[in-house]
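Copied from TrEMBL, the annotated features are:
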BINDING   His101, Ser118, Tyr204, Met205, Asn206, Ser225, His320, Pro321, Glu322, Thr337  iminosuccinate binding site
BINDING   Cys165, Cys294, Cys384  [4Fe-4S] cluster binding site
COMPBIAS  38-53  compositional bias 'Low complexity'
REGION    32-67  region 'Disordered'
Amino acid sequence: MTSINTAIQLITREDAERSVVRGGTCSPDLARGPWEFDLPAGPDAAPDYGPGASMQDVAPASTPRQGELPEEYRLAGDEELEARILAAKETLGDRLVILGHFYQRDEVVKHADFVGDSFQLANAALTRPDADAIVFCGVHFMAETADILSRPEQNVILPNLAAGCSMADMADADSVEDCWEQLEELFGTEPDDGGRLPVIPVTYMNSSAALKAFCGRNGGIVCTSSNAATVLEWAFERGQRVLFFPDQHLGRNTAKAMGVPLTEMPMWNPHKVLGGNTEQELLDSRVILWHGFCSVHKRFTVNQIEKARAEFPGVRVIVHPECPMPVVDAADEAGSTDYIRKAIAAAAPGTTFAVGTEINMVNRLAAEFPEHTIFCLDPVICPCSTMYRIHPGYLAWVLEGLVAGEVRNRIVVETDVANHARVALERMLAARP
Ligand code: SF4
């Protein structure tokens, strides 16, 4: 059985105890092996994200595809895969470091040397400069960031190349360059009397290396969900306004909390001239929000919060800032995955939490902190589609490749792109309080 079925059992048992009515899974395909979605259905079939929260999103034609996973890994049972992973880890020893994202399934995370968010994991890899191989059990942009920050001799490996990120894919380099040209034409490129440039580009960590490099080249910076406010302050010191991509919700929630009126946050739709705005709206703007979102966090609603409050008086509702603004406003608090974990760890025993973030992380928190009642706001189990693509079968396949001297699924960021992206990442580190 897959981890999703395990999650279903866990939720069902716990929900029965809590009398919470739950809504099953968002797709029956989640019970199938991810390899069933790796190969195109036909010669002209477009790539898709597979089952899970992003299954309705349109994947760009350039989405990397994973080749066929050898049959021995597809047919192997959980115990056999676990034994093979452990044996390969033992053989590779300190030559290997495995990173597991908070949203990854348990049977993969259990093999990780470090578990955390994308930036924590990229930094964790830096503590292992002697490792030849960094196996990133996360998604594509995370592996790219690890490659940018690691030594050139280190191989960063993504076990399934189809593990992208639908949000990151919503801002491609060509569309952002086109937007930038239109903004430069409208605003010009000269600083004002205070030395502030017309616009500063800010990209969320959840973006391609090409976009991080774009920010590096154009006086911009990277942010995470932990430091977005600090980064926006940095940008406002240097610019009259900010172009924030790809996540509109993180941008809007952060800027609103800093006092920027919603009327000064137009949305940029890359399919329309001037992003669908008038010149005056852009001239009056403080933050121009890209039309992107996370399909996992878009699922959370104010109704779910009201229901949780009705069923659990005194419940603490804590959500991720990738959730839509009305959800963040209705919650008791909002913060990054690291913030959520620390808030739960610091709470008095017996606290009830309704959490608005990815289901694998919520289930893991519920298991880790049994002194609390912790459940996911969304009654439907719907994990991140692309995290789901990493299965122990792929982990075993890449590790056994390393044992045999073969580097499979290496992620390499071109040197010029990496150099510019590093500039934007270093600005973020310098801006951190
Ligand atoms: S949870 Fe959302 S932002 Fe994170 S990898 Fe999945 S789709 Fe991307």
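Backbone N, Cα and C define each Cβ position, glycine as well.
Only Asn206, Cys294 of the binding-site residues listed as Asn206, Cys294, His320 bring a Cβ under 6 Å of any atom of ligand 1; the order follows the sequence.
Report note: the [4Fe-4S] cluster site is defined by Cys165, Cys294, Cys384, and the residues of the same chain whose CB lies within 8 Å of the CB centroid of those residues, excluding them, are Ala53, Ser54, Tyr103, Val139, Ser166, Met167, Ala168, Asn206, Ser295, Val296, Ser385, Thr386, Met387. Cα of Cys165 ([4Fe-4S] cluster binding site) to Cα of Glu322 (iminosuccinate binding site): a distance of 14 Å. Secondary structure of the region 'Disordered' (32-67) per DSSP (helix as H, G, I; strand as E, B; remaining residues coil): 4 helix, 0 strand, 32 coil. Counting only residues at least six positions away in the same chain, the Cβ atoms of Ser118, Phe141, Cys165, Met167, Ala168, Pro246, Asp247, Cys294 sit under 8 Å from the Cβ of Asn206 (iminosuccinate binding site). If you draw a 10 Å sphere around the CB of Cys384 ([4Fe-4S] cluster binding site), it holds 28 other CB atoms from the protein chains shown.
Cys384 ([4Fe-4S] cluster binding site) is 18 Å away from Tyr204 (iminosuccinate binding site) when you measure Cα to Cα.
DSSP assigns His101 (iminosuccinate binding site) to a strand in the three-state reduction.
Listed in sequence order, Ser225, His297, Ala334, Gly335, Ser336, Thr337, Ile340, Gly356, Thr357 are the same-chain residues six or more apart from His320 (iminosuccinate binding site) with CB atoms under 8 A from its CB. Look at Tyr204 (iminosuccinate binding site): DSSP puts it in a strand.
Neighbours of His101 (iminosuccinate binding site), defined as other CB atoms within 10 A of its CB across all chains, total 28.
In the structure shown, the C-beta of Glu322 has more C-beta neighbours within 10 angstroms than that of any other entry among the binding-site residues Cys165, Glu322. Across the fold, the C-alpha of Cys384 ([4Fe-4S] cluster binding site) and the C-alpha of His101 (iminosuccinate binding site) stand 12 Å from each other.
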